[in-house]
Amino acid sequence: MSKKRVAIIFGGQSSEHEVSRVSAQSVIENIDKQKYDVEIIGITKSGQWLKYDGPVEKIGNGDWEAIAQKKPVESLSQAGISSSGITTVNSVRQIMPGNVKAPIDVIFPVLHGCNGEDGTIQGLFELAGIPYVGCGVLGSAVGMDKAYTKIIFEKEGLPQGDYLVFNRKQVYNRIEDVVAQIEGRLTYPCFVKPSNAGSSVGVNKASDRESLVKALNIAAKNDRRILVEEFINGREIECAVLGNDNPVASTVGEVVPCNDFYDYEAKYQVGDSSKVVIPAPNLSKETVEKIREYAVRAFKCLDCAGLSRVDFFVHKETGEIYINEINTLPGFTQISMYPKLWAASGIPYSELINKLIELAFERYEDTRREYTNTLD
């Protein structure tokens, strides 16, 4: 059987560029080379698409770009992708190793944040007609927007904390009104987040009016819409979901942050900023099963595919479960929760990558299958 050709795409122009590089390096190092030929495509912070065939370890530390730039013949311009980006839809499939054209069989996007997991690049793959790992346009777009995710979770009947949504102009032009609305509905402390930013980028905990105003302005710099959530005194519990139409949930894990909350550094930098415990201790069987049920329901109601990680709070005093958010392209670094949860559930890293690629082909075939309506 001939090998499938997988394009692993990383980088991008989002604030999570560095996270993407580290995740991509891990995927490349662990993918089954007996089953797949790998093409590596990096997107610089300026938006330039470059084919890369240098040392894998140079991806995580950022040195890959200088190496790729020295080989213009190996750049994607041959395939219709210029230094400014995509020039033709078909160019996405025709990535060229050396001077020989060979189409990509499947794309594994290891992209986080805006333009990577928000449905933008997924739409490009759809137009090009290429199977790809992960959620489609709808699930990616809604899953990236925390405010709209909450609206859909509410319709689904999933328990969550109270929240308010504002836009950037309100924060910049009518900050007093914004603060008054928040203080009239929520109590301190509360959390302020950009609606469309992942990995806790731009997220801050506000303990008083002064810190609230500061947090609102930080969030407004990261996105045009701002989400303000009530503080829940809860344990941070996470659950991984895998599949397409019949997804399954992993065991659950707990993040024990040493900081005030599980921020960007805690998620992606090795050190003492947080501790991950799998399985999460001191949770009743009923609570664990309810979390797993909610995770699958969240996955389905957003029309997700392939993979997602769903984050919850379990109240430290009452034991109540609150869904927090969903991540449709969770990190794949050495300390990332998603692969760790599946490893603890019996699916090792390399096998997980293989399953995700198989799910990509399955979804591709399903979305293009013609159904005959037998009803007159």
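Numbering starts at 1 and runs along the chain as displayed.
Cβ from N, Cα, C; glycine included.
The shown structure was predicted, so the numbers you read here are calculated from the model rather than taken from an experiment.
If you check Swiss-Prot, you get these features:
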BINDING   183-238  ATP binding site
BINDING   Asp311, Glu325  Mg(2+) 1 binding site
BINDING   Glu325, Asn327  Mg(2+) 2 binding site
DOMAIN    150-358  domain 'ATP-grasp'
- Task: Could you check the binding-site residues Glu183, Asp311, Glu325 and say which one's CB has the fewest neighbouring CB atoms inside 10 Å?
- Result: Glu183
- Message: Check the DSSP secondary structure of Ile218 (ATP binding site), expressed as helix, strand or coil.
- Response: helix
- Cα distance (Å, whole number) from Ser211 (ATP binding site) to Glu325 (Mg(2+) 1 binding site): 23
- Query: Which is it, of Ser211, Asn327: the one of these binding-site residues whose Cβ has the most other Cβ atoms within 10 Å?
  - Reply: Asn327
- Look up Asn204 (ATP binding site) in the DSSP assignment and reduce it to helix, strand or coil. strand
- Its Cβ having more other Cβ atoms within 10 Å than any other among the binding-site residues Cys190, Ile232, the winner is Cys190
- Item | Between Asn327 (Mg(2+) 2 binding site) and Ser211 (ATP binding site): CA-CA distance (Å) | 27
- Cα-Cα separation of Ile232 (ATP binding site) and Asn327 (Mg(2+) 2 binding site), in Å? 19
- Message: If I take the alpha carbons of Ala197 (ATP binding site) and Asn327 (Mg(2+) 2 binding site), what is the distance between them in whole Å?
- Response: 11
- Note on the structure: CA pair Asn204 (ATP binding site) / Asp311 (Mg(2+) 1 binding site), Å rounded to integer, equals 17
- Item | Rounded Cα-Cα span from Asp311 (Mg(2+) 1 binding site) to Glu183 (ATP binding site), Å | 26
- Query: Which whole-number value in Å describes the distance between the Cα atoms of Ile218 (ATP binding site) and Asn327 (Mg(2+) 2 binding site)?
  - Reply: 22
- Note on the structure: When each of the binding-site residues Ala197, Ile218 is scored by other CB atoms within 10 A, the minimum falls on Ile218
- Mean pLDDT for the domain 'ATP-grasp' (150-358), as a whole number? 92
- Query: Given the binding-site residues Cys190, Arg225, Asp311, which one's Cα is the least distant from that of Asn327 (Mg(2+) 2 binding site)?
  - Reply: Asp311
